[in-house]
């Protein structure tokens, strides 16, 4: 997605060869117009898949899941990192290690909202090590739901996340694939034509 790549170059900050800060427009201060375009693009990429739910993890994936679910006309669910006192029913859960926070969470989704009848699209802000997305795919599998695919807003293609998901047979669509990055610049893998 060209507009997203341009914003990453313009407003993103490379903190190291593996850390990209995009909080000026994606995951702290949020550009709502760009967010809605991202959701529309995911809806286009996964059109015809009869998706019934969009799933993400709190917090940085929520607005992308909302925009995508809005474009698809279906509900979205976000996995919680900590079990709330209001979450009294049974849950699906999986451990997830956060690269940026260096913490491991036990994410959970209520069994009430995810079932074997669902066709699920997972959406998140980053695909890097793949830990969050693998955790979410495990929850979808535990529910017996059909995983249609994963949509990542930004992919750090030089990290192992894509490989882990591909080994599991997961379809991945990333809107900005970064081949490499340094304070001197960001190199993208060029977009491939969308599947029809």
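Using the three backbone atoms N, Cα and C, a Cβ is placed for every residue, glycine included.
Here is what Swiss-Prot says about this protein:
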type	residues	note
BINDING	20, 27, 156	xanthine binding site
BINDING	128, 129, 130, 131, 132	5-phospho-alpha-D-ribose 1-diphosphate binding site
- Item | Shortest C-alpha distance to residue 156 (xanthine binding site) - which of the binding-site residues 128, 129, 130, 131, 132 | 128
- Query: Rounded to the nearest angstrom, how far is the Cα of residue 128 (5-phospho-alpha-D-ribose 1-diphosphate binding site) from the Cα of residue 20 (xanthine binding site)?
  - Reply: 11
- Item | For residue 20 (xanthine binding site), the three-state class that DSSP assigns | strand
- Please find which two of 20, 27, 156 have the most distant C-alpha atoms, given that the record lists them as binding xanthine, and give only that distance in angstrom, rounded to a whole number. 16
- Message: With an 8 Å cut-off on Cβ distance to the 20, 27, 156 Cβ center, who else from the chain surrounds the xanthine site?
- Response: 12, 19, 21, 22, 26, 125, 126, 128, 154
- Lowest local Cβ density among 128, 131, which the record lists as binding-site residues, within 10 Å: 131
- Note on the structure: residue 128 (5-phospho-alpha-D-ribose 1-diphosphate binding site) sits from residue 27 (xanthine binding site) (Cα to Cα, rounded, in Å) at a distance of 15
- Taking the centre of the Cβ atoms of 128, 129, 130, 131, 132 as the 5-phospho-alpha-D-ribose 1-diphosphate site, the remaining residues of that chain with Cβ inside 8 Å are 97, 99, 126, 127, 133, 134, 159, 161, 164
